[in-house]
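Taken verbatim from Swiss-Prot:
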type	residues	note
BINDING	Cys66, Cys68, Cys81, Cys84	Zn(2+) 1 binding site
BINDING	Asp474, Asp476, Asp478	Mg(2+) binding site
BINDING	Cys823, Cys897, Cys904, Cys907	Zn(2+) 2 binding site
Amino acid sequence: MAFRKNKKLNNDFTKVTISLASPESILEGSHGEVTQPETINYRTYKPEMGGLFCERIFGPVKDWECHCGKYKRIRYKGIICDRCGVEVTEKKVRRERMGHIELVVPVAHIWYFRSLPNKIGYMLGLPTKKLDQIIYYERYVVIQSGVKSEDGINYLDFLTEDEYLDILDKLPRENQLLDDKDPNKFIAKMGADALETLLSRLNLDELSYSLRHAAANDTSQQRKAEALKRLKVVEAFRDARSRIENKPEWMIIRMVPVIPPELRPLVPLDGGRFATSDLNDLYRRVIIRNNRLKRLIEIKAPEVILRNEKRMLQEAVDSLFDNSRKINAVRAEGNRALKSLSDMLKGKQGRFRQNLLGKRVDYSGRSVIVVGPELKMHECGLPKDMAAELFKPFIIRKLIERGIVKTVKSAKKIVDRKDPVVWDILENVLKGHPILLNRAPTLHRLGIQAFQPKLIEGKAIQLHPLVCTAFNADFDGDQMAVHVPLGHEAILEASLLMIASHNILNPANGAPITVPSQDMVLGLYYVTKGRKSTPEHPIKGEGMAFYGAEEVVIAINEGRLSQHAHIKVKGIVRTDAGELVEQMIDTVAGRVLFNLVVPEEVGFVNELLTKKKLQLIIGMVFKIAGMSKTAKFLDDIKQIGFQMAFRGGLSIGLDNIGIPADKNTLIDGAKKEVDSVWSNYLMGLITDNERYNQVIDIWTRVNSEITDTLMKQLEADQQGFNPIYMMMHSGARGSREQIRQLGGMRGLMAKPQKNLQGSVGEIIENPILSNFKEGLDVIEYFISTHGARKGLADTALKTADAGYLTRRLVDVAQDAIINEQDCGTLRGLTVSALKDNDDIVEPLTERILGRVSVHDVFHIISNELLVSSGQEITEEIARSIDDSGIESVEIRSVLTCESRRGCCAKCYGRNLSSGQMVGIGESVGVIAAQSIGEPGTQLTLRTFHVGGTASNITVDANIKAKFDGVVAFDDLRVIQSTNLEGDKVTVVMGRSGEIRIVEPVSGKTLLSNHVPYGAFLNVKDGETVKKGQELCFWDPYNAVILSEFEGTIQFDSIEEGVTYREESDEQTGHREKVIVDTKDKTKNPAIIVNHKKGEPKGYSIPVGAHLAVEDGQDVKPGQVLVKIPRSVGKTRDITGGLPRVTELFEARNPSNPAVVSEIDGIVTYGAIKRGNREIFIESKDGVKKRYMVPLSKHILVQDNDFIRSGNPLTDGAITPSDILSIKGPTAVQEYLVNEIQEVYRLQGVKINDKHIEIIVRQMMQKVQIIEAGDTSFLTNQAVDRFKFREENDNILDKKVVVECGDSEKLRPGMIITARQLRDENSSLKRKDQRLVVVRDAEPAVSMPTLQGITQASLDTESFISAASFQETTKVLSEAAVRGKVDFLKGLKENVIVGHLIPAGTGQRVFNDIIVGSKEEYDSLIASKEAFNAARKGELQQS
């Protein structure tokens, strides 16, 4: 037993290795064997000797005092008492000393046979069920068949007890006396003992070789897969051998380590009871069973009893290691499963997440916050009592320094008495000592900021109103925590990096986040809003001209000039070119007051200030005037805002809300329209679904008309000085939606529905016609309650989802740090303005701003250089690129960055929170995760303000010309037909057709639109059209299938009750045939049109379609055969948004994926097999692909259509993995970025692309091996792409030995260099022996993969980071088998081991830097030079 006196862990280790513990290493770390199950003596409360709390093994219970009390005091330090054998030392050693239990029989470790992949099972090639039979002593297993091999008994055969005894009887006597190594001896065992023997006899290299051979050459796919699974485990052990000794037989336990007693305490409660850790119970069971087994073996008990006891011991050890894995877990009272060692690590309450990643912090306090409007940007108010407590040690030190007290104890008394001298000292201590304020939940880095404290009376912390947005704080009872940075570095970082006045921009999008809100905005809006004189309300001083701002202020103060008067004043204006010019300005008197605080280099701001305008102005001030002036500017506008809101006395009255006069006429009109839709329906002209959709559309339209009227009316009221209108228009409070409900009508509400996703809200078709001013009647109120409650319930549920998303994002991106200036890649992303139809969603300037260009970009016409390659695109450059008419620019992106670890500064571009290029060491991954996760919580909290009203999106059902020009058709198959009224119409039959509008002169395509199947054309090819003219229209509510020619209808497999059901409308009595899903897969409903002249043509019909024709009916070309109702008019709620974001980040396949074409080609329909329709696509070069499409899906292509690769054949969403395999990595990356952005855009949340790019980059780090070649990879293994490249480069130009000839060094299958081959062959040649035959080594082949963020986090290089994320036991057991080394490169693993994170000021580059003054350095250099010169002189003399 090793005795380590001072095992202090040195804290500058650079890597952590995990491996299996050998019995020897457990013994070495142990301080003694625990032999008794007793814990403590119930009378003396002293630990029992040899028990689980024994002092001899684990150390004394009291400092410097042995068990029997013979030695007390520190002077006997290190002595081992001769009476009780306890070492006299500190009691804290009971936290670190381990013990052990020596087991009589080995047991298997539950992690390695219960969790998948089953390590022991794969090593031996045994299935889990059979393995259990061995481990739990049900069967014998043959380890060596020996002489019995001729009787057909083979290695790894299973024997029942009878068979085993039978064989033993027939064996020759002397066989059992042979040595185990003798190949003739018959050996069969059971239990973990057998496994240990089997594992120790394995030859890993041979096993690996034979498995690789099987995986490469086996014909059966299943055996191939099996071999690969086994190879994974075998290779893991072989891989570990290169670093550390790691034997397979160590998965079997002979020694059980006993963790230190202080980590599993036993605490006496009052009333003579004890509270104990569950581990003590589990250990006790192991010891009791082990001792009983020992005794049974000594008294030579029968085999049956021994076997039972051995099995119980195995189960006891299983429960100790992992109790949650077992089916019959050991339970305490109240049927609660005991917490085993594994459970101590797992989950939110486990060691990793509870104690290593989130610790409680000393020097902290928390209190309620109140607003502090007179504070400066960098200040906060700290209650005196809190400050005195937080800074106690500092005060005590000063008290002793000043000689006021002599001892710490008396100083403490003074501080606790709160003597007046304490406040004096405290003022001094606080100078230049910032504190950190934090509001939970901390969703992004602005949730913790530093402030300079000001002492205040009272008990609440005062917070600056402008930082509330960043903290997401309000003053309705929020609490905040205060922390004190102690070290010099900490104080420096707090006051330079975290101080509130430096965090003006939001890292998510680079827009200012410290923007005035509520009262401040209202005040600023009010003061900068002008009004004209009217006879009843003359405005003082209207039309006056002033020489300067001071005159205006005097006039206002004297009461000669109203703040709202329109006046002329001389001021300095900033031109577009950025020069400041003096000129006369037409403005409003109040705006002059505002401009007094605007920094002069910005020029005169002549705007009506709303919240959005203020954000832009603050952004502009930040760019032009810099950070410190912006902070002062913010404080000033806060002052004006509050001041003016108070002066204006703005408040709401009931009369401020007017109800539009023509509300009732509009509603009556709508009711009439709805009635006519109903009568159409009752006559059977439209389906129920169409009726529903039309009714919803009517109400949506009327609602917005009423809202528009209401807004116009409010705006006209008192020249726009209606308080409610001002609040809404300025952005201070309230939205258009809310005002609509106050004065218009509440509108359509969502129907209660039982779907959790909330992706589609069906709408109740009777809207609420009243508004809140008129009051709702009972039924309207009742309908409203559902929406309101749903909003609140959603909020509660979604917050958790968003939080979990953030956690996964942080975990996947935590090691993305800027590690180098330039990775030197030549690749980039081509970006252009994002358009939705023709509305620009995001202009090119915004997408390229702050990025680095890949190439030189020249002006199209003048050919001047706009930006050179590798240069950051600033605001000016972006504007000039936009003005030059360049459509797209190739920019550097983290998606194409070639850095081995993290990414490089050039590919990342600008750091959004400072507006400068990003610095090395910035942890961009965490910033990205926070930027995406933080609005996620916002999105979820968006639903309940509007009170559950349904926002509806009306659908387009036509294409209008956006420009004047000439129409050109592309691939457009059309057919002439007549509609229901008998008029001639042109119907589109193809699905890939496009209408283009071409400029008549240059022939340039101005716009190209896809035309849906079944649309009616209003124009002809080559026709000239005007802007706004309708080109075509279609039925927005139904997708249709049309007949292509004249003929007679014949139904195929359309049988009532089997493939369709008659739905009769209760109201109309009309009966409709609706196709349903049938169990009988041979029945495939189709409509066949029998052509008068040619071939008949069949149309297969998807489930849910409505038939529009009868059997035997005559049809014309272009007539509708089938209507498939489109689900339109569904409300989009961000509830649908959050699961969508999750789905994209997890790279999950959507529930009904589309079948996608992999090649360009012509479509042909095949036969129908097993309920699937075959579709063939043949490309021009003769490649033919076959797709099986379920008949229940709607097929989007017709026979003989031309389809492009990556286009869907059926309806449904395209899966990301399809995009990856067909269009490649770049396409899938862009798809993910755009789709995720789309969800956030709908909510009006701006997130910069680069954040999402970083996460997507992390999802695409791995490649999948298709062919392993001669590398060490396995087929289907996921490998880091850089590792893959390295391994392939490594094997390049190497040779593989095919035949070794007469060489003694080389074996077949060895990989050697050309040099080794040359040397070996030349030496063989000299001896006239057979030469070595070789072939070139084959590199591995891989394909890019897309991993979900959870999978990517678990596959990270660092096992510590992965284990602290999810599936802790699985990650750790895998890592132990592999003997993994964690080099502590990411942030998370460093936090866990207690190091500084390798980012920012904690970069490892700074570790060895010595900080000194310039003078010292110069003097050192000078003296070194002088010394060298003197030395030189001496040498010359000698």
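Note that Cβ sites are derived from N, Cα and C of the backbone, with glycine treated the same way.
Positions of the features from Swiss-Prot, shown on the structure.
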residue: Cys66; record: Zn(2+) 1 binding site; Cβ within 10 Å: 25
residue: Cys68; record: Zn(2+) 1 binding site; Cβ within 10 Å: 14
residue: Cys84; record: Zn(2+) 1 binding site; Cβ within 10 Å: 16
residue: Asp474; record: Mg(2+) binding site; Cβ within 10 Å: 12
residue: Asp476; record: Mg(2+) binding site; Cβ within 10 Å: 5
residue: Asp478; record: Mg(2+) binding site; Cβ within 10 Å: 17
residue: Cys823; record: Zn(2+) 2 binding site; Cβ within 10 Å: 18
residue: Cys897; record: Zn(2+) 2 binding site; Cβ within 10 Å: 24
residue: Cys904; record: Zn(2+) 2 binding site; Cβ within 10 Å: 22
residue: Cys907; record: Zn(2+) 2 binding site; Cβ within 10 Å: 29
Other than Asp474, Asp476, Asp478 themselves, what residues in this chain have Cβ atoms within 8 Å of the centroid of the Mg(2+) site's Cβ atoms?
Ile369, Ala473, Phe475, Gly477
Determine which residues of the same chain, besides Cys66, Cys68, Cys81, Cys84, have their CB within 8 A of the center of the CB atoms at the recorded Zn(2+) 1 site, and list them by sequence.
Glu55, His67, Gly69, Lys70, Tyr71, Asp82, Arg83, Gly85, Val86
Length of the line joining the Cα atoms of Cys907 (Zn(2+) 2 binding site) and Asp474 (Mg(2+) binding site), in Å
38
Between Cys823 (Zn(2+) 2 binding site) and Asp474 (Mg(2+) binding site), how far is it from one CA atom to the other, in Å?
45
How big is the gap, in Å, between the Cα of Cys81 (Zn(2+) 1 binding site) and that of Cys897 (Zn(2+) 2 binding site), rounded to a whole number?
66
Going by DSSP, is Cys904 (Zn(2+) 2 binding site) part of a helix, a strand, or coil?
strand
Cα nearest Asp478 (Mg(2+) binding site) among binding-site residues (Cys66, Cys68, Cys84, Cys897, Cys904) -> Cys904
Quick one: of the binding-site residues Cys66, Cys68, Asp474, which has its CA closest to the CA of Cys904 (Zn(2+) 2 binding site)?
Asp474
Zn(2+) 2 site, defined by Cys823, Cys897, Cys904, Cys907: further same-chain residues with Cβ within 8 Å of the Cβ centre:
Glu820, Asp822, Thr825, Arg892, Val894, Thr896, Glu898, Ser899, Cys903, Ala905, Lys906, Tyr908
C-alpha of Cys84 (Zn(2+) 1 binding site) to C-alpha of Asp476 (Mg(2+) binding site): distance in Å?
63
Alpha-carbon spacing, Cys897 (Zn(2+) 2 binding site) to Asp476 (Mg(2+) binding site), which is rounded to whole Å
46
Excluding its own, the Cβ atoms lying within 10 Å of the Cβ of Cys81 (Zn(2+) 1 binding site) add up to 20
Assigned element (helix, strand, coil) containing Asp474 (Mg(2+) binding site), judged by DSSP:
coil
